[in-house]
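Below is one structure; the comments refer to it alone.
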Protein chains: 2
Amino acid sequence: MIEVHTAKDIQKLAKNYRKKGKTIGFVPTMGFLHEGHMSLVKKARKDNDIVVMSIFVNPMQFGPGEDYDAYPRDLERDRTLAEEGGVDVLFTPGAEEMYQQESTVIVNVKKRTDVLCGRSREGHFDGVATVLTKLFNLTSPTRVYFGMKDAQQVAVVDGLLNDFFMDIELIPVDTMREDDGLAKSSRNVNLSASERSEAPALYQALQQGARLIREGERNPDAIKKEIRTLLEKTSGVIDYADIYSYPDLETMETLSGKIIIAVAVQFSKARLIDNIIVNIPLDQKEDL
Amino acid sequence: MIEVHTAKDIQKLAKNYRKKGKTIGFVPTMGFLHEGHMSLVKKARKDNDIVVMSIFVNPMQFGPGEDYDAYPRDLERDRTLAEEGGVDVLFTPGAEEMYQQESTVIVNVKKRTDVLCGRSREGHFDGVATVLTKLFNLTSPTRVYFGMKDAQQVAVVDGLLNDFFMDIELIPVDTMREDDGLAKSSRNVNLSASERSEAPALYQALQQGARLIREGERNPDAIKKEIRTLLEKTSGVIDYADIYSYPDLETMETLSGKIIIAVAVQFSKARLIDNIIVNIPLDQKEDL
């Protein structure tokens, strides 16, 4: 595994691979790698000649109240995991490398942001889209890999690639789950034992939503109501339980086409999120 | 000369050229070509294997009060000029091709915009930077060509390429001038005979500014005052006569480094602009 730190070096390296006809699978991360990241690497490894991973805690996507400095970092462990996972090139720039001057231009995300997690994180997706534009221009990827756990981020990346005609294929990777259905997350360790036993309720509620649709329900409010009822049985506080079109993330009066059911629940020391994508009519593939 | 209309076709064509190791010089225009555009083509022709020109009147860079519909168009004549100038690929998309959906993301220009012509055109440079990002991703240029007549646009493109790590070389091309120094412009035909005889005052005033700097003047206000005095002798109304750092376009108390002196004068039926770049100390090349 090669590790590079500068924009110049990664750009030169990536251009060289592409010039030789190699495909590049790119996995952008903020480090502190877990199984979710490694499932992206595994998929990228299978699809491409070269796998590039970036580890960069992007200051621009943290709001004033959010703790950029306290974001967990463990570069040494990440390096080992990346190498074991088959990453060819690890890009680990500093903030001064990615933001070399006070920004003249940024990417401003106009849609798909004022719902779900984006509602409470103003400017967050501008930071995500801006740093990804930089990273894409540096790593010349054939394909980019994102986890569907953060379905809103995938929707924003989809808009970014399409609107700007970036010649990159977006590969959303299914959320990894524990045996009882709980979506894997670094935050799960912050659940108490009793909260951990309640936590599968998120995925069960989503599945119940899908079941109602399968049975013919097309009214989002009826489905949301039932999901809330299930989530209210936990000790957590519901942040949202919503249904939108996907990836446009627009509200619907009657469900049709590709939709997302998404929930967020605040437990005492961990905020859990989860979602599923459902295609209506249901004769299509059920997960994105 | 090949003419293509769709995003898909131009992207495929350009990628193919680059894959074969060819360099691409790209000249983005809004059409209604004049000598200024052709000087960009001439330079691009000399520097690159392939010359790509786009003709696209970009609705996003016109404000509500500005007349997008009345912008002059003559595609047939443009085609002939482009072919005669040695353009290999002419890209002439429609608005529905460049903006295929309501924009999810745009490029937002945070700096270099609230001065000179940008001051009175809110959102104009967002439109410019957004469409250029799209066009650059479609045409994969090695080099892009812009006229220094619009020095502020060059400054914004410089910020766009640097901030987003676009691997494209920016080639600013000197303003073309009539024998008496007047910058060439389609708008010059709208000057009355007496205004036409006064119009060289813009360039003369800029040169007088450069002369004062050469003589040791470092106070921008003193220089601006003298420029204004010269411009006030015309029948036009001064819109601005300003001095900034270049390409940062920031105000300076004492002149040093690379600076721009820029003027805009409104005549009865034509608004003329002009500028020069001066390097301080003057032992460097005087024009960008």
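Each Cβ is built from the backbone N, Cα and C atoms, and glycine gets one as well.
What TrEMBL says about this one:
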type	residues	note
ACT_SITE	A:HIS37	active site, proton donor
BINDING	A:30-37, A:147-150, A:184-187	ATP binding site
BINDING	A:GLN61, A:GLN153	(R)-pantoate binding site
BINDING	A:GLN61	beta-alanine binding site
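Feature annotations (TrEMBL) mapped to structure.
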residue: A:MET30; record: ATP binding site; Cβ contacts under 8 Å, 6 or more apart: A:ILE55, A:PHE56, A:VAL57, A:ASN58, A:TYR71
residue: A:PHE32; record: ATP binding site; Cβ contacts under 8 Å, 6 or more apart: A:TYR71, A:PRO72, A:ARG73, A:ASP74, A:ASP78, A:SER186
residue: A:HIS34; record: ATP binding site; Cβ contacts under 8 Å, 6 or more apart: A:LYS184, A:SER185, A:SER186
residue: A:GLY36; record: ATP binding site; Cβ contacts under 8 Å, 6 or more apart: A:GLY147, A:LYS149, A:THR175, A:MET176, A:LYS184, A:SER185
residue: A:HIS37; record: active site, proton donor; Cβ contacts under 8 Å, 6 or more apart: A:VAL27, A:THR29, A:LEU81, A:GLY147
residue: A:GLN61; record: (R)-pantoate binding site; Cβ contacts under 8 Å, 6 or more apart: A:GLY123, A:HIS124, A:PHE125, A:ASP126, A:GLY127, A:VAL128, A:VAL131
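Ranked by how many other Cβ atoms sit within 10 Å of their Cβ, the binding-site residues A:GLN153, A:SER186 place A:SER186 at the bottom. For the binding-site residues A:LYS149, A:LYS184, counting C-beta atoms within 10 A of each C-beta gives the highest total at A:LYS149.
A:GLY147 (ATP binding site) has a Cβ environment of 21 other Cβ atoms inside 10 Å. Annotation note: A:GLY147 (ATP binding site) sits in a strand segment as assigned by DSSP.
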